[in-house]
Amino acid sequence: MAANTISLSISSNVATSKNLNSLHSRRFVAPPTICFPKSNPGLLSFSSTTSRSPVRASASQLMNEPLHDQRSLTSPTVVEVDLGDRSYPIYIGAGLLDQSELLQRHVHGKRVLVVTNERVAPLYLDKTIDALTRGNPDVTVESVILPDGEKYKNMDTLMKVFDKAIESRLDRRCTFVALGGGVIGDMCGYAAASYLRGVNFIQIPTTVMAQVDSSVGGKTGINHCLGKNLIGAFYQPQCVLVDTDTLNTLPDREMASGLAEVIKYGLIRDAEFFEWQENNIEALLARDPAALAFAIKRSCENKADVVSQDEKESGVRATLNLGHTFGHAIETGFGYGEWLHGEAVAAGTVMAVDMSYRLGWIDESIVERVNKILERAKLPTTPPESMTVSMFKSIMAVDKKVADGLLRLILLKGPLGNCVFTGDYDREALDATLRAFSKS
């Protein structure tokens, strides 16, 4: 059977978790500075190698940053997304919305449209407008406030953004600003890609999910009633500004949801990070500032490195979708917004890991570790009872990773930190997993 398969592996020369400091449940363990060497090419059917450029994550810098009462003097941590002349920075730090120069240097022209939602606007819209205009009276800012939730990530809601832009007579030198979580970032980015055939935009993510994943890499779009994110475009922002103070107002459920994407990076390509997560998951849930800062930075470094290699998901970038094929089926079948994205991805990750084990590609200890960390993160490990085998199959049949009628999946293979993107697997293993987790 013809199949596209790509394999990723990590062999780090740093100490394993046995050498990391132990942690009681609410303290942050600072890991050593970590540098990934270039991995061996994992080329099977793809024409380019998957070697990885060095990625460094220093906890010492984060641990030594000034306290929040000094944050106006704190320089942000910067992670670069290397895309040649379309490269852009990810700024990470506390109180960054108070540093107006960070945003203003990326505003093109004199007109700005801030796209946000009903939950975020009362909290951060005024602060964002101030950051865009402070000492810069020539800039005028419009805003559009959308309803909140995944169920509104559709064409009708998107038209509200276009209506506001057209009514305000915004021109091609305007800048769109996405202020909110993943739904707002995806819709604002797609609006920016489409309005006047493309205007500049900036991401200001306010959820863990958006800060560690969806705001980085230029995936934009909306849902269709038959499938999630089926309508959209790859369109990169001018910058991503991650003000970690915005997490102070994030509901606990959304905090946990975002951790599903953090855990993903450890499973597919960063075993040392996964081991760190096992020692620090309670600290993350408790919103320990140093733990969150490190987790966000390390996640963004992983995401930026993958995007730099494969911007439009022709190969290695697809591996970032571990658990997402099953998870998107849950979101679509159960109803957009009934489960948060990270909740669906968590259950989908357990299903992908179960299938990997049934194929004989991983040992049982990885299955146990994945279940345990997701449970500790207060995330679901099984899909809703209403999901059936036929629902999964019909929805997964229109997944974006289907090629020539073949459903390709991201599965774990080998030691922790290794995965494959493949359509070359025993279909009985998929059927067995679906039967184990859903009704016939």
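From the backbone N, Cα and C atoms, a Cβ is placed for every residue, glycine too.
As written in TrEMBL, here are the features:
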- 144-256: domain '3-dehydroquinate synthase N-terminal' (DOMAIN)
- 258-402: domain '3-dehydroquinate synthase C-terminal' (DOMAIN)
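Taken as a whole, the domain '3-dehydroquinate synthase C-terminal' (258-402) shows an average pLDDT of 96 in this prediction. Secondary structure of the domain '3-dehydroquinate synthase N-terminal' (144-256) per DSSP (helix as H, G, I; strand as E, B; remaining residues coil): 50 helix, 33 strand, 30 coil.
Using DSSP to sort the residues of the domain '3-dehydroquinate synthase C-terminal' (258-402) gives these counts of helix, strand and coil: 104 helix, 4 strand, 37 coil.
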